[in-house]
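> Just passing along the structure, written as structure tokens.
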């Protein structure tokens, strides 16, 4: 028995109550779903293929920078309208929606880290969501993430409330962040923040729950428990996933104590974390774990090794160790070397699915 049997979910991109059911099931069964940042059709299919082969759900997400890359680096992305990142995110969404069903797994289609300066990007996507919802009864994206963790708590919550009210009629999921994740990722740089800012307080979690619950049940919280974006050796990041358990207990008591884990938590900045740290966080209600930095590296590894191993076939179009007139087209065809990156990225996603207990849940 698994997700399809117990929850009656479709293959392909999920929306609304199906997303809620998936996260409830993950929290109950103590697994988390990797959220893979994708920047192209190639990175998207690598993650989908990994999830298919591991019989697991997957979350595919685009950051603002990743979405702009999807549209093309030659397109202007103005601060006022974010034309390229809006168009790129929409293009990625339609592409993923089109191919996800043939992989036979549940997929959540998400956008990542929308800071205050990037809200025009979110506005543009929500306009498209509303048009799509009017025509199809579901939004284009399953969910969006707003990251106002650098702003005052009151501003963070009130802004998210405004957007949640807009998203609620579409039953669209909102992920928000409270407590700063250190380090730097995709233009959001918190590498110089005070360490105390890396730990969210239980009162903040309750303030969010109290504000959001009357509007919609479709939300999750990326809380800070020492998380840091970027690349760090194991042991160099001091995580305290036990704090998430204390947050759950605090909110549970406020709600009457019936539900012992009422909060959906998200784990950001996990590079260098141990399997034990991941699993402790998952046991405390983490249902989504962001995976970006490691996937960038893993994708490169396959391409790098292919080039190094075939360098004598890649110096010219004609001529190689087999003869001066031998063609090299089969070696430099992009479908060959890009596929090598997909293979190594796929392997890293499969590792994450196993580490987060998600493998075999479909």
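A Cβ is built for glycine as well, from the same backbone N, Cα and C atoms used for every other residue.
Pasting the feature list from Swiss-Prot:
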type	residues	note
BINDING	63	D-glyceraldehyde 3-phosphate binding site
ACT_SITE	112	active site, proton donor
BINDING	113, 229, 268	Zn(2+) 1 binding site
BINDING	147, 177	Zn(2+) 2 binding site
BINDING	230, 269, 270, 271, 290, 291, 292, 293	dihydroxyacetone phosphate binding site
> Would you count the other C-beta atoms found within 10 angstroms of the C-beta of residue 293 (dihydroxyacetone phosphate binding site) for me?
19
> Here's one to test understanding: among the binding-site residues 63, 271, 293, whose C-alpha is closest in space to the C-alpha of residue 113 (Zn(2+) 1 binding site)?
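Spatially nearest to residue 113 (Zn(2+) 1 binding site) by Cα position is 63.
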> Tell me, in order along the sequence, which binding-site residues from 63, 270, 271, 290, 291, 293 have their CA within 10 Å of residue 112 (active site, proton donor).
63, 290
> Residue 177 (Zn(2+) 2 binding site) has how many other Cβ neighbours within 10 Å of its own Cβ?
26
> Near residue 268 (Zn(2+) 1 binding site), how many other Cβ atoms are within 10 Å of its Cβ?
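Looking across every protein chain shown, the total is 28.
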> For residue 270 (dihydroxyacetone phosphate binding site), just count the other CB atoms lying within 10 A of its CB, please.
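Taking every protein chain into account, the count is 27.
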> Can you tell me the three-state DSSP label for residue 63 (D-glyceraldehyde 3-phosphate binding site)?
coil
> Since the record lists 63, 271, 290 as binding-site residues, which of them has the fewest other Cβ atoms within 10 Å of its Cβ?
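Result for the binding-site residues 63, 271, 290: minimum number of other Cβ atoms within 10 Å at 271.
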> Look up residue 291 (dihydroxyacetone phosphate binding site) in the DSSP assignment and report helix, strand or coil.
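Looking at the DSSP assignment, residue 291 (dihydroxyacetone phosphate binding site) belongs to a strand.
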